[in-house]
Ligand SMILES: C[S@@+](CC[C@H](N)C(=O)[O-])C[C@H]1O[C@@H](n2cnc3c(N)ncnc32)[C@H](O)[C@@H]1O
């Protein structure tokens, strides 16, 4: 249960989405068995949709885990995207690299090992789509770098922004999560009060925020 949307709605939408197949099913099964957090089904479906309409050539992901969302986005682009994904945990990288090799994505997905805060300042290429799915408490720190690395018409998607509903309601906040919750609220306030940006906060999965630059074309 996500804590964001009523369970019967989640169940219904998941029923519509249906089961993954092939590599994505294998990776999803592994993630479930080994308790590795990967994007929830509705977010996976949203990412597929965004990649299909935006047709990003270059994607940056923060948080690889076992490579599920990287592979999903590459498949959604029909193999027409190059994905750079950042991960700091060596054991996750080992599994992701194996998956990327075994399923034939090694020319399309590159993992950068390290903390996002160390790696982001060193990147120079621009990206059409940036997917933030690591270090929930640090989105405020990651964002200025991500904006710099974003193509003019690019899109930033941040996952977990409603964090089990805690971000939207003090009554749900667990004491030990208060710092993350406060930081996430600051992140969403910053996005929604920046006149140069357009942001939509969408209550699917654990909550996502999708951001782009305001259109200033004449
Ligand atoms: C939710 S998982 C990513 C799931 C993946 N995007 C997917 O859906 O298949 C988050 C990952 O980010 C990594 N992570 C957390 N904080 C990080 C940081 N500051 N820099 C790099 N990686 C980080 C964690 O080790 C974890 O593997």
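Keep in mind that glycine also has a Cβ here, set from the backbone N, Cα and C atoms.
Any TrEMBL annotation is an automated prediction that lacks curation.
Its Cβ taken as reference, residue 133 (S-adenosyl-L-methionine binding site) is surrounded by 22 other Cβ atoms within 10 Å in the chains shown. Annotation comment: TrEMBL describes 39, 69, 87, 133 as S-adenosyl-L-methionine binding site.
If you look up TrEMBL, you'll see 133, 159, 160 marked as Mg(2+) binding site.
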When you measure from each Cβ to the nearest atom of ligand 1, which of the binding-site residues 87, 159, 160 fall under 6 angstroms? 87
Residue from 39, 69, 87, 133 whose C-alpha is spatially nearest that of residue 159 (Mg(2+) binding site), among the binding-site residues: 133
If you measure residue 69 (S-adenosyl-L-methionine binding site) to residue 160 (Mg(2+) binding site) at Cα, how many Å is it? 14
Recorded S-adenosyl-L-methionine binding residues, 39, 69, 87, 133 - maximal Cα separation rounded to whole Å: 15
Cα-proximity to residue 160 (Mg(2+) binding site), 10 Å cut-off, over binding-site residues 39, 87, 133: 39, 133
